[in-house]
Amino acid sequence: MNKTRFLHAPPKSTRGTTLRIAETFVSRQGEGILTGTDSFFIRTSGCNLRCWFCDTPYASWNPEGESRTIDSLVRAVKEADLKHVILTGGEPLLAPQSTLLVESLQEAGHHVTIETAGTIDRDVRCDLLSLSPKFASSAPDQKGHPDWHDRHHRRRMPIEIMRKLLSQSLDYQVKYVVNEPSDLPEVMTLTAELDIPADKVWIMPQGITPEELDATSIWLSDWTRNEGFNECDRMHIRWYGNRRGT
């Protein structure tokens, strides 16, 4: 059975509905199946995890931003004249209003990707779910951040929520951020638990400079190819460097 774009009815009125937004910008998608696609990025502020290597601390560790209405965001996308919209974070599904934003963008004719860690249960159907589960190695240091260390581990791997989000979506990719060889058994275990075919799996090195990406890729690329997975670079870092608005 073909899936319709909306899980329920078309979106209700968005008048006055707001989200806290860290930034919006136009750039090329740098990761996954849509690499190179001109897109409008909406980065929400706030996250329920605290990865030690997070490259957007202004949306997680030290969240900042302003309240934006859904209507103003949809207008901004229209003015940019782009089909593809990337809803990212932080954790974009943290705010319940994110569902209404996705539906409003789709109703306006846009292709919506949600980049999520898959830890928040939402009744949302996007065009592409980009699921990026967080491995044990992503937790912050226990001595420096004991509370967040424990919260991160408790929250990072709700398998049933991930299954639900994947099943609801029109299409999906699973994008694993690999930092060290100890992550690889988790890749295999989680891929099996979620029953993900190899062509939907993207393996991405952790890093915020081309040098860091290349250093991890030296040992990661051969393993990725041998397992039949897709190699995923972080092209926005190679194109623009690790900076906001890209």
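Using the three backbone atoms N, Cα and C, a Cβ is placed for every residue, glycine included.
Automatic, uncurated: that is what TrEMBL annotation is.
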Among R43, R75 - the residue TrEMBL places in the same substrate site as R28, Q29, G30, T88: R43
Candidate from G16, G90, G228 that TrEMBL assigns to the same S-adenosyl-L-methionine site as F53, C54, D55, S132, P133, K134: G90
Entry from the binding-site residues list C47, C51, C54 having the most other CB atoms no farther than 10 A: C51
Maximal Cα-Cα distance (Å) across residues annotated as binding S-adenosyl-L-methionine, namely F53, C54, D55, G90, S132, P133, K134: 16
From C51, C54, G90, S132, P133: binding-site residues whose CA lies within 10 A of R43 (substrate binding site): G90
Assigned element (helix, strand, coil) containing T56 (Mg(2+) binding site), judged by DSSP: coil
For Q29 (substrate binding site): intrachain residues, at least 6 apart, with Cβ closer than 8 Å: T35, G36, T37, S39, H84, I86, T113, H236
